[in-house]
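K.L.:
The disulfide bond annotation in Swiss-Prot covers 53-163. Annotation source Swiss-Prot lists N-linked glycosylation site at 95, 104, citing sequence analysis. As annotated by Swiss-Prot, signal peptide applies to 1-21.
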């Protein structure tokens with residue numbers, strides 16, 4: 001009876017892990033596709049050659065190293081991605097009617113960002129079923145917020161000029177490439193299904 005119950009538990013665990021793995025891959029694939037579309041739409045928003053605005057360029061100190069996913073759990077990476085996309089969405093939504101921007105392109109860009117946020121929230125929901133919590137994610141989110149605070153301050157100091165926005169759009173493109181990189185690494189995080197099978201088999205064979 002105990003052995004039967006154990007194998008029943010193993011089958012349930014493997015089935016749920018398989019479903020989770022498939023859902024995760026599907027959502028990450030969708031998020032990756034949407035991110036690529038967002039980059040294309042962002043390029044269409046540029047109304048001024050960046051060469052004209054080089055004197056206004058600024059290093060906003062994108063915290064790529066401190067936000068590297070290798071040192072964090074999957075839940076932390078999801079928190080970073082979610083905060084970055086949320087901040088980008090808020091930045092452009094507040095300036096949707098900016099002179100020189102085609103409103104149609106801006107709206108499409110916001111729709112794509114919103115889709116990414118929905119996919120990430122779905123991922124976070126799946127991950128919540130696997131993890132008890134994501135301690136330390138508040139500090140990571142704070143780093144992202146401080147980075148975007150520097151962008152907001154720059155725009156304000158430059159009176160939201162066309163050149164300032166051109167510089168910021170290039171910076172947001174960097175952000176989206178970073179998001180793309182994080183998404184790629186996210187798909188490689190976590191234990192493979194074969195590792196789970198091996199662990200369960202070892203557990204069954206180990207003497208009590």
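Heads up, the Cβ atoms here are built off N, Cα and C, so glycines get one too.
A description of the local structural setting of each listed feature is requested, covering burial, neighbours and distances.
P.N.:
The Cβ of residue 95 (N-linked glycosylation site) has 15 other Cβ atoms within 10 Å, all protein chains considered. In the three-state DSSP classification, residue 95 (N-linked glycosylation site) falls within coil.
In sequence order, no residues are near residue 104 (N-linked glycosylation site), counting only same-chain partners six or more apart with C-beta under 8 A. When secondary structure is read from DSSP and collapsed to three states, residue 104 (N-linked glycosylation site) falls in the helix class.
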K.L.:
To the nearest whole angstrom, what is the C-alpha distance linking residue 53 (disulfide bond) and residue 95 (N-linked glycosylation site)?
P.N.:
20
K.L.:
Just how many other Cβ atoms lie inside 10 Å of the Cβ on residue 53 (disulfide bond)?
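P.N.:
Around the Cβ of residue 53 (disulfide bond), 18 other Cβ atoms lie within 10 Å.
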K.L.:
Tell me the Cα distance separating residue 163 (disulfide bond) from residue 95 (N-linked glycosylation site), rounded to the nearest angstrom.
P.N.:
15
